[in-house]
């Protein structure tokens, strides 16, 4: 055995014995000073071999001995805090990995609040704030040859990353703020940067090193859900350091390459979220997606196809990263193909939420913006096939946003694969989502860090607007200036007062018909367009003024209006036709409702006419369920769907007559003498009137349920006509709600729940929304006692289905409607229990 090594062992053993037994301050300080020589930084250093043996073999034992002696009395043996400072220096100046593990071991083994526990926690706080964690990671980056080194590193890794949880469990309410996760992980990110700077210095000096431990620290932190805290500090500094240094770029590439496979997704997601631009992401990741299969799967599939919660700038940064290098651009083309394949899948359209479809559409548009003309021409046929399939299944959707997505993406794709041909144009609402999607189709200018030319910029999609050139519009509004003294100035009429023509009315040769039969004749046989238009515009008011005459020809008039086509350009033709049809239905509800419901399942009707029937039934039912003073507004049009009964509108014609002067004086005097502590909005009570819809609700409701499962030659509710089925479910829900507290509400509710149960697993989102609304309507309209007495089995079945929808449905609106229905069920149960409980 080497005598020098044996001497170190003997010295350490003797020192531990003295520290354990002696109470003499001078003796203790002398012993600690002797041991401090092995850590360096003294005037009398030891041999390098002795220093290495002490650090690798004996240092942990010395630290444990120092921890065991920690007490207020032991530290006060030396006045002035000299012993305490010397005691702390062993933890702060020695090998950081062993000091850190001994500190963590001591804190975890100390039970309950105590002086030793808080002193060790404060020392650990000092250890962190003085940069010792960076020194710890720097030490792990050096080459290691010990057999036990992997196990030691694993222990060290778990303690470094799990420090906030471990300290929180040990200190509980006495925990220090530095150990909170929101404070610790940004500090750890700063320490990672310092460790990487040391690695760069090693490489510049020609020394060998590894960033594997730092990669594992980063991966474990991201797996535990703290990637935002650590990367918010790490990424901005690496962005600056890698801007002008290829060595720093290589270190960053190596850092992410050595992240364990189980942590690749978390690290990549965090980096993509934190990187401000594609060039920054390219400097941090390099060609990782080309070398690493797991990284390629995460970037090209998981972040784009399986997840959809990421922001639009993140998608742009991710796809821009793929477009910046020639080795990665084939992956961009592959991503576009896979996105379009998913976008064109009818099953995906039915079973994925709208948010995910919008996310995929944005990714497609960003891909198209990054690809050049030659690259797109190579895959032109595949793009065209996917586009046609996607447009077809989206235009068949019942949801307007889904249809709009199909139109916009199809316009952009067609403009890119056929730039020389006629542009494909659709008519859709110009809302915020449409503008955002069209903006994504135009690529941003390539940055200076782009390593590959992106080819010719794609032509922006032609978004036709009413005003093409603002300058031309200005020119058309402002007359051209004329030189002074011109003839136009002499002939000007500006000094004359303009004639008021605001009250002028258009003179018509045909007068408005005065009788219902004249209107029917004019609408069916008249060739005079002015008379036809006048009949249509005056029909609604005439129906309300002549109810008896209307009932004589109500069915005939409803038939004429249902089949009426626009012969000439009439403003608001559809609204006028619908208002007149609603007025006829309100005037003679039983006969007209029988006719309309029988025609809903009839042959040779368009989908538009069938949906018109449903709209008219709902509007008429809404009008019948209101007081007459609200529904008979012959001069102001029919009731608008969704309009609530307002007390101000319920005042009758007689109630609106001006009061006499003496009554006004008396009321004013009373009002001035009255002291009021609070005053609400003035309201007039509505006079009680019967609900006219209650007697005819069955004629509106039950015929619509009879043949929904019987396909016709041109009409199949359970097949392709899902839009009409969705409108039918919403119509039935509205009729059920308007039949509240009526005698027919119970059989209506039972029939509606059976209808819902038959269609509860329908794939169309719009249909499921209507079914869920129908359940809520039943719960609101049928009395509680009748619900639980007549429909207990149906409610139990509906409850289990609602719970399943609230948890698993892909559509957010469906989940929300299911939760509301469940809350209504709970409220009904609580109401029943409170009413059945004995009163004290």
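Just so you know, the numbers here start at 1 and follow the chain as drawn.
Any Cβ shown, glycine's included, is placed from N, Cα and C.
In Swiss-Prot, the entry for phosphoserine among 457, 465 corresponds to 457. Per Swiss-Prot, the range carrying the annotation region 'Disordered' out of 333-387, 388-442, 443-497 is 443-497. Each of the modified residues 374, 419, 422 was assessed for Cβ neighbours inside 10 Å, and the highest tally belongs to 419. You'll find the Cα of residue 422 (hydroxyproline) roughly 20 Å from the Cα of residue 374 (hydroxyproline). When secondary structure is read from DSSP and collapsed to three states, residue 419 (hydroxyproline) falls in the coil class.
Separating the Cα atoms of residue 419 (hydroxyproline) and residue 374 (hydroxyproline) is a whole-number distance of 12 Å.
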